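Colleague: The transmembrane segment feature in TrEMBL is assigned to 80-105, 117-139, 172-193, 200-222, 242-260, 281-306, 326-347, 368-391, 397-415, 436-458, 470-491. The region 'Disordered' annotation in TrEMBL covers 513-532.
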Amino acid sequence: MAKSTTSAWLRPSDWALEPEPSTFAPNSRWSNKDMDPVPPAKRTWTTLNYVAYWISDATNVAVWELASSMLAIGLSWRQALPAIAVGHMIIAIVMVLNGTIGARLHVAFPVLNRSSFGFWFSYFSVISRVVLSMFWFGVQTFTGSECVYQMLKAIWPSLAHLPNHLSPGSNITTSGMMCYFLYWLIQFPFMFVSPQRIRYLFLAKALIVPAAWLAMLIWSFIKVPSSQGLFGQHTALSGGDLSWAWLSALNSALGIYSTLAVNIPDFTRYAKDERAQYVQIFIIPIAFTLCGFIGIAVTSAGVVLYGQVLWDPLRLIDQWDNRAAAFFTAFAFVLATLGTNISANSLSAANDMTVLFPRYINIRRGQVICAILGGWALCPWEILASAQGFLSFMNGYTVFLGPFAGVMVTDYWLVHKGRVDVPSMYRPHGRYRYTYGFNWRAVLAMLISVPPNLPGLINSINPKINVGNAVHLFDFAWIWGFTSASIVYYATSTLFPAKETFIPDAIIEQDESRSSFDDDKSIPHDVKLVEA
C-alpha cells in the first residue's frame, strides 16, 4: 500500500489538474479555471478595495526603505520627496492604463501580453516576471523576519545575545535565520487565500498599519524638533553628482512598483467595472508620497538620536528601550509585509506559472513553488546588505520592466485602440501568432531599449568595472526603457502593421454555440462584439 502511494506521487499524470471548462482555449493544455476570463460573479473589487489596497501597500517596509535609503546616498528630504512624488505620479498613470485593460477584458497579464508580444514571445516577459516576483518575495520575507525578531526580542530580550554560529560574511545571524524561518511559516497559510478574499486583509491593513506609522512620525518630532532633524539636514552633493543622484532616486521610485505596473491586470480583472480602479491615479502618488515623508522624517530623527542613517525601520526599532512600543510597531510591520508579499509577489508569480504549465500548476500550487524558490534559493539578506545594494537592485530590474510596460500600453491604446480579440489570446494558432509566435516589432523594441542600459547595470553590480558615461543612462533606466520601447513599437506597428490583428470591434466573448475546443487558425466567427 505504501509503495503504491509513493509511486502515485511520482507519476506526473497523478499531478495533472482536473480539466476545467475553458471558454476560449482549444483544449485544457492551454488554459484552466485560473487562466480563463473572470466570470461576473467573481468580479468583486470596488473602488474602496483599491483604495485600501494601495494604502496598505504604501505602508510597506520596502517603501520606507526606499525613501530613507535616499538619505543614505547623500540626498536630503528636499530632493528625495520630489523624486518619490514624481516617480509615483508616472507609475500611477501607467498603472491605470494597464489596469483598465484588465478591468475591461477580465484577463490576467500573462494572457493579455500575448496580444502585443506574440503567443510565444510573451513567455519571455512572463518568465522574467516570475523571477522578479520571487526575488521580491524573498526580500519581503526577510523584512518580515526582522519584524518577527523585534517582536520576540521585546518579549525575550535575551534573544539579542543568542550566539551566532554563522559566518560573519553571510549577512545573517543564527537568530536572524531562525526568525526568517518562523516568518516563512507564518505567511505560508495565507498563500491559499483567493484574490477575491484577500481584499479583506487589505482593509485590515489600511486601518491598522497607518496608525503605527503616524505614531512613529509623532515620536520622531517629539524626540527631535524638526529644526534639528528633518529640516536641519542638507545634501552633501552638488552639481552633476546631485542631478544624477536625483535621477537614480527617481528611477528607484519608479522601480519599486514597476513590476505591478506591468501585471496590474492580475488584480483589476476582478474589478466590478473598469471605473472602480480609476482611483489608482490619485491614491498612488498621495499615499506613497506621504509614506515616503514619514520614512524620511523618522530616519532623519534617527540620524540625530543614534548618529547613523538607519534606513531600515526595523533596525531603528532595535534601538528602542520601550519593549511594548517595539512589539506593537513590529507587529504592524508584520501585517504590512504579509499582505504585500502574498498579493504582489506570490500571487503574481503564481499567475505566471499557471500560464507556463496550466495542466499541472494552478494559482495555489504556483504560490507554493514561489515560497520555496523565492523564499530560500535567492538569499534576500544579500540583496539588502547595504543601501546602495538595495538601490542597485531597484534600478536593475527596471531595465526590463519599463519596456514591457511601454509595449503593452502602446499596443492596446495607440496601435489597436482597444480593439482586441480575447478568444485568440488563448489559441497558439490564433491571430496573435504573428511570425511563428513572435511579434518582431516587440522583439525589436526590446533589443533597442534594453542593451543601452546593460553597461550601467553591470557597473551597479560591480563598481570596479568602468563603463564611462554609459553609467548615467542607467540612472533613468525605466524612463528610457518605457519611452524608447514605446516609440520603436509604435513606429514599426504603424509602418509595418500586422494586418491580421486589426479588427473593427473588440471581441470579448465567444458565442456558446461554438465549441470551446475549436482551435482557430483563421479569423474567428460566431463571436460577440463589443464597441471599443
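Cβ coordinates come from backbone N, Cα and C, glycine included.
The shown structure was predicted, so the numbers you read here are calculated from the model rather than taken from an experiment.
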Colleague: What stretch in 80-105, 326-347, 436-458, 470-491 has the biggest tally of Cβ pairs under 8 Å against the transmembrane segment (397-415)?
Modeller: 470-491
Colleague: Same-chain Cβ contacts of the transmembrane segment (326-347) under 8 Å, 6 or more residues past its ends?
Modeller: 53, 56-57, 59-62, 133-134, 136-137, 140-141, 143-144, 147-148, 150-151, 153-155, 183, 186-187, 190-191, 193, 195, 198, 201-202, 204-205, 208-209, 211-213, 215-216, 259-260, 266-267, 313-314, 317-318, 320, 363, 366-367, 370-371, 374
Colleague: How about the transmembrane segment (281-306) and the transmembrane segment (172-193): do they have 3 or more C-beta pairs under 8 A, pairs 6 or more apart in sequence?
Modeller: no
Colleague: Are the transmembrane segment (436-458) and the transmembrane segment (242-260) close, by which I mean at least 3 Cβ pairs under 8 Å that are 6+ residues apart in sequence?
Modeller: no
Colleague: Short question: which residues 6 or more past the ends of the transmembrane segment (242-260) have a Cβ under 8 Å from it?
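Modeller: Tertiary neighbours of the transmembrane segment (242-260) are 57, 62-63, 66, 69-70, 73-75, 79-80, 83-84, 86-88, 90-91, 95, 129, 132-133, 136, 235, 284, 288, 344, 348, 391, 394-395, 397-398, 401-402, 405, 472, 475-479.
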